[in-house]
């Protein structure tokens with residue numbers, strides 16, 4: 001048995017190493033950029049080594065467990081552990097954060113603080129995915145608020161303060177429900193309050209109280225996911241944030257809410273989840289259609305991509321509500337798939353804006369000839385977004401689709417109706433994606449404009465785009481590479497779920 005604190009090192013290393021950035025030389029930003037990038041690469045290598053040599057894929061139990069006393073009065077411990085649900089999001093966090101650091105090269109104002117905030121987010125995100133203590137989960141959840149708020153309010157567009165304030169109000173409001181739920185779970189049914197996640201999993205709750213807990217946690221996670229109607233902060237945030245920040249938001253932050261729904265709502269409250277799962281499927285289906293139609297009407301490029309993210313999150317919600325192993329595995333695969341695709345689209349949108357200084361689609365057109373590399377990459381990730389066969393999104397959406405069809409909980413006509421509406425959402429995706437490509441790259445508006453000389457993608461942008469495209473294609477061609485991480489854990493969740501239902 002390995003007692004080396006691998007997870008603690010993985011969690012605390014980025015933020016502690018990032019604090020050194022304030023003591024680096026003042027001359028230029030080159031040293032700061034390279035130092036931060038090296039920290040991210042080293043962290044990713046340590047994480048990959050730990051999971052390759054100290055994690056058993058076929059073991060659904062919690063592995064690499066670490067427990068250290070923290071606050072004795074509340075029995076609050078530093079509890080860390082990983083399983084099949086955690087590994088994928090943690091590796092995704094390391095990969096996207098490393099590339100977002102590379103994408104942040106144009107940031108020159110207050111670069112020390114900028115890169116430190118990115119590393120602080122890195123620690124918070126990994127800490128959340130690895131935490132096995134409810135209070136630690138809440139702390140890591142809240143650790144995201146301040147870095148994201150500062151990244152939004154200090155680096156972004158003209159309305160960045162408005163979008164940052166809207167973000168903090170929504171997420172802080174959701175955090176109140178999360179805190180109330182954590183305290184309620186801790187104080188119920190125990191002589192001594194404990195935040196131990198395992199204790200809460202094995203605890204039975206009265207039906208009414210379980211529903212109240214479920215709703216409280218659901219509101220907190222629905223804000224972060226986001227789920228209708230708590231999604232309105234997302235387009236404003238993406239529309240104003242720097243594209244490296246957008247990569248972290250779309251690639252990782254949104255996935256924290258979906259992870260919380262599976263980790264807490266499904267595992268801790270099976271009876272309530274059984275009651276609310278039909279509503280999750282309905283909301284997810286409506287979200288797909290609504291966000292797709294709204295995306296089609298957006299003039300702002302980044303807002304169009306933001307609404308496409310909301311639409312794709314609908315698949316995750318439907319997969320969680322399907323209560324089948326196929327659907328839940330599809331939802332987990334969609335979390336990873338959209339993490340790559342969403343981050344890449346926002347990066348390419350940002351690099352395009354750096355060159356043409358335009359963000360409205362009706363002002364663009366005709367740049368495909370002048371920027372063929374960016375056109376090729378943008379087209380590739382747009383195809384991945386609309387679930388082209390051979391790309392990761394195709395497998396994820398197909399699994400969710402089959403999951404809802406094979407669900408025994410729902411009536412036959414209900415499944416037919418849901419599948420039909422999902423098919424409409426799938427059809428709407430290429431409409432807004434291909435329309436975006438047509439408005440940006442085709443035509444002659446900018447091609448014939450005076451002084452319309454634009455630089456194409458450089459080595460840095462090309463390397464970053466290809467680095468994301470390769471896993472998207474790899475997962476699309478061999479999805480078992482990701483599914484093998486979660487399939488055993490999903491079976492345990494559902495078997496435990498139905499066992500608790502019988503009791």
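Numbering starts at 1 and runs along the chain as displayed.
A Cβ is built for glycine as well, from the same backbone N, Cα and C atoms used for every other residue.
If you look up Swiss-Prot, you'll see 3-23, 37-57, 113-130, 134-154, 167-187, 208-228, 242-262, 274-294, 305-325, 330-350, 385-405, 462-482 (among others) marked as transmembrane segment, on the strength of sequence analysis.
Here the transmembrane segment (167-187) has Cβ contacts under 8 Å with residues 74, 134-135, 137-138, 141-142, 144-145, 148-149, 152, 193-195, 200, 203, 212-213, 216-217, 219-224, 230, 232-233, 236-237, 268 of the same chain, all six or more residues outside its ends. Beyond the ends of the transmembrane segment (113-130), by six or more residues, the same chain brings 7, 10-15, 17-19, 21-22, 32-33, 35-36, 39-40, 43, 47, 80-82, 86, 89-90, 93-94, 97, 100-101, 104, 107, 136-137, 139-141, 143-144, 146-148, 150-151, 154-155, 244, 248, 252-253, 256, 259 to within a C-beta distance below 8 angstroms of the stretch. Non-local neighbours of the transmembrane segment (208-228) in the same chain are 141, 170-171, 173-175, 177-178, 180-181, 184-185, 188, 234, 253-254, 256-258, 260-261, 264-265, 268-269, 271-273, 275-276, 283-284, 286-287, 290-291, 310, 313, 316-317; each lies 6+ residues outside the stretch with a CB under 8 Å from one of its CB atoms. The transmembrane segment (462-482) makes no contact with the transmembrane segment (3-23): fewer than 3 of their CB pairs lie within 8 A, with pairs spaced 6 or more apart in sequence. No contact links the transmembrane segment (330-350) to the transmembrane segment (3-23), because fewer than 3 Cβ pairs that are 6 or more residues apart lie under 8 A. Listed by sequence, the residues of this chain that lie at least six past the ends of the transmembrane segment (3-23) yet keep a Cβ under 8 A from its Cβ atoms are 32, 35-36, 39-40, 42-43, 46-47, 50, 54, 64, 66, 68, 78, 80-82, 90, 112, 115-116, 118-120, 122-124, 126-127, 130.
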